[in-house]
Amino acid sequence: MKIGFIGVGNMAQAMIKGLIKAQKITSTDILVHSAHATTYEAVAKEYQLTPVADNATLVAEADIVFLAVKPYIVPQVLEETAAAFKAHKTVMVSVAAGLSLDKLAEQVGQSDLPILRIMPNVNVANQAGITAVVGNSQVTEDRLTAVKAILAQLGGVVEIGEKDFTTFSALAGSSPAFVYLFIDAMARAGVKHGLKKDAATEIAAQAVLGSAQNVLMSDDSPWDLVDQVSSPGGTTVAGLLAMEEAGLMTAVVKGIDATIAKDLENQER
């Protein structure tokens, strides 16, 4: 199976890194093209991929194509590749935010083309990502299974409705930045109390990693796990109460709300 990437920006490279680490796809079976030859040729050389001279050729040669360009560039790319998609019935997988399946079908001019939308997060580079996926009615079960098998090499995969993509984007796409901020805040507190920054950052990051693994592996809710760590009258309870007094939970919810609102605003433009 040959996989194509139109666009080699941050998200495309994160996905490529994860796929190469998984070692289930030969790197030369990953085809790449972007607007600037110097860019995609450099990426191809770095990861030992196959550079392709134009988008239409890439669509013709690949079995599955990840459309990983900015949303405003999508119409131009689909105009260039419409004939190739039609001739080869190549599966299109859009990574472009805010473009619905219907809009993609309209822009490529083919209502019978198998199209999927996905929303990965940057953690796919370390095979620890989470990716949402949804397909149109032309996507057969076999094609959906094939795409999900590729995405599973990058971490978790969830099927959700298109209407939930905006919420997913806030929870999974933007949340790494929120978690980084939380880790940095804990590390700075450690520095305040005498630790070196690199040691404090490692301690905080490992604590977050282990805690996340506990949530995924346990049948208990996160709140139940909070209770398990909190001894009556103990230090953890004191810290939790101080964080709540400062509005931690409200701040997190407001951050998600603001992210969703901005995403919806962008979609209306």
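Every residue, even glycine, has its Cβ placed from backbone N, Cα and C.
Automatic prediction, not curation, is the source of TrEMBL annotations.
Worth saying up front: this structure is predicted, and the values here are computed from it rather than measured.
Pulled from TrEMBL, these are the features on record:
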BINDING   ILE6, GLY7, VAL8, GLY9, ASN10, MET11, SER34, ALA68, VAL69, LYS70, PRO71  NADP(+) binding site
BINDING   ASN55  NADPH binding site
DOMAIN    2-98  domain 'Pyrroline-5-carboxylate reductase catalytic N-terminal'
DOMAIN    162-263  domain 'Pyrroline-5-carboxylate reductase dimerisation'
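Features per TrEMBL, on structure.
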residue: ILE6; record: NADP(+) binding site; Cβ contacts under 8 Å, 6 or more apart: HIS33, SER34, ASN55, LEU58, VAL59, VAL65, PHE66, LEU67, ALA68, VAL69, VAL77, THR81
residue: VAL8; record: NADP(+) binding site; Cβ contacts under 8 Å, 6 or more apart: ILE16, VAL32, SER34, THR39, TYR40, VAL43, ALA68
residue: ASN10; record: NADP(+) binding site; Cβ contacts under 8 Å, 6 or more apart: VAL122
residue: PRO71; record: NADP(+) binding site; Cβ contacts under 8 Å, 6 or more apart: ALA96, ALA97, GLY98, LEU99
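Whole-number maximum of the Cα to Cα distances across the NADP(+)-binding residues ILE6, GLY7, VAL8, GLY9, ASN10, MET11, SER34, ALA68, VAL69, LYS70, PRO71: 14 angstrom. A simple way to gauge crowding: the CB of VAL69 (NADP(+) binding site) has 22 other CB atoms within 10 angstroms, across all the protein chains here. Mapped onto DSSP helix, strand and coil, the domain 'Pyrroline-5-carboxylate reductase dimerisation' (162-263) counts 86 helix, 0 strand, 16 coil. Note on SER34 (NADP(+) binding site): other Cβ atoms within 10 Å of its Cβ, all shown chains, come to 22. With DSSP states grouped into helix (H, G, I), strand (E, B) and coil, the domain 'Pyrroline-5-carboxylate reductase catalytic N-terminal' (2-98) comes out at 52 helix, 18 strand, 27 coil.
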